[in-house]
Ligand code: KG4
Ligand code: ZN
């Protein structure tokens, strides 16, 4: 089979987004995501509800992905799916569906590691993004993950730093909740931050190993700070929301940049690629751009639709593995704690 007529369907269901995408020769022909609104009222993802919503969404999402790509399921060359890491109930839906469909169509099945996929999303051919050169440092920052990975080849990756508690997206979302903002609060903190003074208030940067992250103390310090101020002035949050958000965002971005600087120092690698939902943040984007001139780094941020959880990133990994003939066995199982 030539690359030209190789169509791979990617399926992602590791957390609360049910997604399907079709890739052909590095180009994404469709990228469909059904985001589950049900979790908003609980202020976070409820695993059992996520699993049920995946069951409802997966067939229509896959249909839509095939329709948008303008291909028939019989034209598919392989099916790539997220095997892990993630929520077991959610992973099971995508895994079982993918296994059945591949078996029914008589085509290969390809298992994908969700964290590798966040990184390899940089290799999707798209106008707004550039592929990093090996070796590079990948920082994945989202509601579920915070890690720095040294990438020497497509599938040669080593985690050199990670969070020891909350993910950075949780730090945004949990702090936002304390400020009375709806879930997920990260984008709203970013919005208010752009109007505020980042030096108005000071929040402590958690101290851990130079390459690791910790965020649970930050939300506690936001909580104590807000409680103390609200006791003095009940309108404190409303009157200072921009400055609070700007100061919080400044602390988080500075902390992420500190860790990247430590990683560059340790490895000597100045090629930086970020991914995950938090890479939408205007503060981190500005800081990375500044680092290009300040420290001589080359930085890469994927198109936003390939940053958040999506199936296009699963499809690109599927394509890379398909070229190598690296297929899953038919008895492959979901793995909630899958390692690289
Ligand atoms: O990658 P993602 O869609 O899902 C996973 O968690 O895997 O990331 C969602 C996270 C949420 O915590 C959300 O608040 C955060 O990304 N986020 C942001 C921004 N946009 C999304 N955080 C800060 N600033 C933003 N602009
Ligand atoms: Zn993710």
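The backbone N, Cα and C atoms fix where each Cβ goes, glycine too.
Nobody curates TrEMBL annotations by hand; they come from automatic prediction.
Over in TrEMBL, the protein carries these features:
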| type | residues | note |
| --- | --- | --- |
| DOMAIN | 27-315 | domain 'Gcp-like' |
| BINDING | 114, 118, 309 | Fe cation binding site |
| BINDING | 140, 141, 142, 143, 144, 173, 186, 190, 281 | substrate binding site |
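Ligand 1 lies under 6 Å from the Cβ of 186, 281, 309, out of the binding-site residues 114, 118, 186, 281, 309.
Cα of residue 309 (Fe cation binding site) to Cα of residue 142 (substrate binding site): a span of 9 Å. Contact annotation for binding-site residues (140, 186, 281) versus ligand 2: none, no CB falling under 6 Å from a ligand atom. Distance between Cα atoms for residue 144 (substrate binding site) and residue 118 (Fe cation binding site): 12 Å, as a whole number. Taking Cβ-Cβ distances under 8 Å and a sequence gap of 6 or more within the same chain, the neighbours of residue 114 (Fe cation binding site) are 12, 14, 82, 84, 85, 86, 309, 314, 338. Within 10 Å (C-alpha to C-alpha) of residue 118 (Fe cation binding site) lie the following binding-site residues from 140, 186, 281: 140. Here the binding-site residues are 140, 281; the one with the fewest Cβ atoms within 10 Å of its Cβ is 281.
Of the listed binding-site residues 144, 186, the Cβ environment within 10 Å is emptiest of other Cβ atoms at 144.
Across the residues of the domain 'Gcp-like' (27-315), the predicted structure has a mean pLDDT of 96.
Just so you know, the Cβ of residue 118 (Fe cation binding site) picks up 31 other Cβ atoms within 10 Å once every protein chain is counted. The secondary structure of residue 309 (Fe cation binding site), as reduced to three states from DSSP, is coil rather than helix or strand.
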